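Worksheet: the structure to be examined is printed underneath.
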Amino acid sequence: MLCKRTLSEISSLYTASKKKKTVIDTLSYTYPDVLLSCNERYQITHPELGIVHASNLYCSSLESFCLQYRDYGNDLSIRSCEKLVFSDALITGLSRIKFTPWPECRTRYETTVSELRRLHDMDNFTEASGFLEDLKRWLCSQNVFLEPFQKNCILHVICFLVATRTPHHYHYIFEYIKRLFNIENINTSVLDTFKHKTTVFLVPRRHGKTWILTPIITFLIKNFSNISVGYVAHQKHVSQHVMKEVEILCRREIPYVVENKDNVISVIRTNSRSCALFASCFNTNSIRGQSFNILLVDESNFIKKEALHAIIGFLAQSTAKIIFISSCNTSTQSTSFLAHVKKTPTQILNVISYVCEEHLYSFGERSEAITCPCYRLHKPTFISLNLNIKKTANAFLKDSFNEEILGTTNTSFLANPILTDSSVNEFDMIRYSTVNKQLQEHLADTLFVYVDPAFTTNRRASGTGVAGVGRYNNQFIVYGIEHFYLKSLADTSEDSIGECVAFMISGIIKIHPFFTMVRVLIEGNSSQAASVKIAYCIKAHLSDSACILQFYQTLDQNGFEQPFFLLKKNKRAAVEHFVSKFNSNLIKASQEIISHTIKLNFDPIEYLLLQIKNISQIVTTESVEYTTRKTKDSSDDALVAVIMAIYFCNDQEVALYKCI
């Protein structure tokens, strides 16, 4: 019998499921009856392609496509709403090819397909896929997104179980897991760390360390047969709370018999039993004599030393993995021992922090700093950090903000530049060929040009910086750089600067005919009248261009719009924006970069890098400021132009650009 409320809920859920329609598509296993005209020694049997040439094994894009759309026999086989369609060009090309039937190899192909399906029906594969499928469904029902370290923890669990329970098929199942987690391009040596027998996570407070363990434990004992999972907490009430949460979720999700007895939750099947044991460090011998496949140690930094010896003993078991999860190091040595594993030959330490190691020094020397200056690290939306929180935390306990909230370690680091070495090397080495016709189809058709004029002949002071920047999806491409010095302070100074800018724009448009719009910002802080004259000079030199030429307009003292831009407090935000994009490898240079003023024997990008490396921090009592300091070898004019061009390279203030 069902009560009226339960009956109505079941009815509504059933109706909703009937209405739900998901567009799905997977590759067919129907035998492609097509003759392959090549020597038999070069033939391979591919489950999706049939009998094909062996060279297809070395096409990574083809392999990735087949793995993505392969029919694995479960709900994770496809990505939702991805319908396969043939382009008109492909259909036309295929219609011109004549195919000859080849029924002789049907048996050979069907044998390969049956072997693949047998692999998908194998218990270990269905256990791993079932675990991931249940976890995905549960996360969707919670309407939450996983933190990166939580995904990392799940990968450590599932990859180790696959490696120990299915060593012969580990590679294939691992490729399946990589596709689900969208980590196909990660280095293999990095992925091998998931197979290590132990790993350590040091995570800041309030990041869901214990929360993610509940579904992991539940769906492990639900999907994997004869598995034993251990959970050890630093306090008994924590262990009991997690056990209750796991029991509730098990009784809701698992159709088998669920038994909770003596701090052990068991899932009883017809021919197997899976269990999860929950213990605290106050009972130091509670986990001795057990045989765990996965042992989760929560708040490991605060585990009693006597209990830790019993935990470490499981390292000798070949099929056991120990995962230490804890808050980050505090000021006392007794609760920071996990940082010692950084010295181990294997990479088992994972430190999750708001501050990267390259800039940790600034949080000890500069008390006002609260965020990492490279802007690369992820911070959840439910975490709030500001200077008031830092002062309040440190008022309660000295250095508590760094040690308890930020997730920093006690290790001291030397000062390093704000921009990382990897981002500098990538900007220098990886440059796009923007004259490539295939790439030009994806490049934005608007060129943003920033002009920072300087009216001086002193080369040690400053010159005019000019930069041309465009978009490529979420990336920025530098098309041109100029660093122009006046020969004399004559009446034609504005004409000389305007001519330099026009020549750069003309050169960019000449080799990049896809540009249809040029938007120019001329800084008018030095002289508004001179900026207006520069704008009209640029217009005169580009009068024959087919591109639409627009200038950033600002109201003057009389209320008239004039083609100049007044730089106020934008510079600090622009530098922060540049540092963030640069360290995220989102700023690239064109191989065909235009520059008429930088010496021919000097690479314009290397010239720019000399200035980029001079970006530094200035910390005041109120905030953290950035500056591009000048040196005797290089001025910062070209860099300022690039920074401002990238900052304004968007469509947010389109109405302020007008033709003159």
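Even glycines carry a Cβ here, placed using N, Cα and C.
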In Swiss-Prot, which of 203-210, 283-290 is labelled motif 'Walker A motif'? 203-210
Under Swiss-Prot, the annotation motif 'Walker B motif' belongs to which of these stretches: 294-299, 444-449, 516-521, 636-641? 294-299
Helix-strand-coil residue split for the motif 'Walker A motif' (203-210), DSSP-based: 2 helix, 1 strand, 5 coil
With a 10 Å radius around each C-beta, find which of these active-site residues (E299, D452, E523, D637) has the fewest other C-beta atoms nearby. E299
Out of the active-site residues listed (E299, E523, D637), which are within 10 Å of D452 (active site, for nuclease activity), Cα to Cα? E523, D637
Across the motif 'Walker A motif' (203-210) the predicted model averages a pLDDT of 82
Under a three-state DSSP reduction, the secondary structure at D637 (active site, for nuclease activity) is helix
Give the helix, strand or coil assignment DSSP yields for E299 (active site, for ATPase activity). coil
